[in-house]
């Protein structure tokens, strides 16, 4: 059955996306390691890390797309899952510093020595083991999402309300991680990493391997998402997105469908965070900022939600823009980002992918397996009752 | 007719008065000079003499003598006050330069003399003509009770006319009696209630220190008095917390109420709401700038002038946003969230580009600065006015919603947009007006916030999440929900703070709201309807 699902997933265009990122995972490292610096085609190491950062963002955007684009849950708390995964990785990296810290304490990270702590708090135990830390990267965000989602979906918190309480969740975590006595480094977060699996984090070869790992993780994420959205469950997810009540009345347990999507998505976000941290070299509570979550939403929206390639394109394009703007015209970046938010919501509700289809692929529209966006558009008559806005009555088939 | 005579009399007096004063001054100067070589007995005499002159200028000398700051310069024979490295004349208080070869020796006093000095000083100040001096003298006695001063206090109490000072004196007397060994048990028993009613916040400390030395018969009285005081102190602390909570709640109410309207009527999540607050604050800043430069006389009223200006400015911007962006997004509430978030980034950056990232100042008008003591509750005027202002805004809004045609239309649209439209209500117009009204109220909140917060481009961001919590907690479509929500969150926050700390308290509130939403997915006062989603 799994092979069947795999086959069905790979049957689609997803195979192209997966293929591209697997190729990237091989070609970029080769361009960095084999082509000597200065020659055409050489990719400098800093660029490898930068691209790796973008790819981890792409995984995060894909994770959000799974819940928002396919299941209609606008989570404004995905940066929390991302940051939790990142902290789990950061804790492993902190433990690897060992006695090379400023204070030279073999077990305690520097900030704990600084705060005059005597022993490692219990929740830091085990993080010196890579595989335990990797398990936590998956378990912590997944468990949080499961518990949070279980209660939220069971009590039918939907739409804007859900968005706001996810935002409250990440805000609460932001405040919590800022506290020094939480034991996660407070304001400064975790940084100054030395080794990952015995290899120095700063080394060229490590960076290249981390990049390749990120690209492969992205390819796997696309594969998993493709398997999910092409399965029967995926169809139900889309049904929940487009007409939640109707799906419920037909007899599906809507809350379990949502819970599944939410948890899987949180796990993917956690993995993205874990890949992000060693490449940028720091994790601090700023990653929990509610604003970050909203930015992820805009990556997804720019690329085109409800598609697998859209959020990846969106994350990379927007972040390329951000890198360019913040170095060339720093004071204009927020103008550009704000304008992007407005422009995309007003004129590009289906994102870049939607635009592409409109321009080039009008004839192939029928071949599309899933309608890329919910059947809501500006021409829907001006609303129902406000509370039914998020679940408008499905329009009669066109 | 009587002018020559009067003139003569005046002339004589004007000549005479300085001479008299002069005579006394020389007398005092002589006595002070004599202090240098006097022995203890003579010193006591001099102190009594100086005190009997009743001249306030001797107070520094006596104080210095008591504190051991009075010195004799052996070379010149002068008596001076040395305080740290500065040497001053004991009578005039002017700095004295004694040259290089000074040889200062301290004029010694013993405990008996010190007591005499303090009694003399206390007597002089207790009998002073100035009620303020008497009050501070009585407070000094209250702080350092000494049984030897009892006759003095009794005398002062008999002569006292000012009720306020009299109360402090009686409390000082009661405190002294309680610490004295000679006083009878009945006197001590009677003193306890006087301390309880008069000593205010320090009563507990006074009574606790008296408890140890008190005779066994008095102890139960003191203990029950302490218990009573502690209980009432706890009540007052709780009331103070309630006040802080109400104050925070009114700020939340101001910030959230506009959001509640737009969300309730239009189902629009306006992420730029905080920026409307921020723009209101900057409008206030500009209004004050203009007033300070052009009409300085109106400076005290600049906040009042800023209110309508801020309302109109932010209201107009709100209508502009609705017409320009939001009306294209009806039926897609989650996307209005994104668009307005983008807008908020643009507004923030615009303000940052124009005014710079630093904080701006708005001067508080005189009638808003300072604080008052309301039965032991410290109430600052700015917080007080903000609470009043929030209430006024809230009830005005209630009036608009319930008593005006626009309000009627808004309620109709909230309850059933299609039906309202079918009845001939121009829903687009209502939407624009609602958004303008909500934004205008945000602007009013901004005016109020200038008094308690920094005016910076990030001002709105600090309030937006809290405002959302209030709206979500209170429920949509009912202003009372917002009212109750804001006050509940404000008070709960302030009650958690002492136990959990500010940050942890806030986290707890957020978690509690998340849990609350599980029980009541549509808030405290949900609009009831028969549609499936309600």
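Each Cβ is built from the backbone N, Cα and C atoms, and glycine gets one as well.
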Between the ranges B:217-237, B:301-321, B:406-426, TrEMBL assigns transmembrane segment to B:301-321
Choose the correct range: of B:176-195, B:196-215, B:276-295, which one does TrEMBL annotate as transmembrane segment? Give that range.
B:276-295
Stated TrEMBL location of transmembrane segment, expressed as one of B:130-157, B:242-269, B:354-381
B:242-269
Restricting to the same chain and to residues at least six past its boundaries, which positions have a Cβ under 8 Å from a Cβ of the transmembrane segment (B:333-351)?
267-275, 278-279, 282, 321, 325-326, 457-458, 460-461, 464
Contact yes or no, the transmembrane segment (B:468-492) and the transmembrane segment (B:242-269), 3+ Cβ pairs under 8 Å, gap 6+:
yes
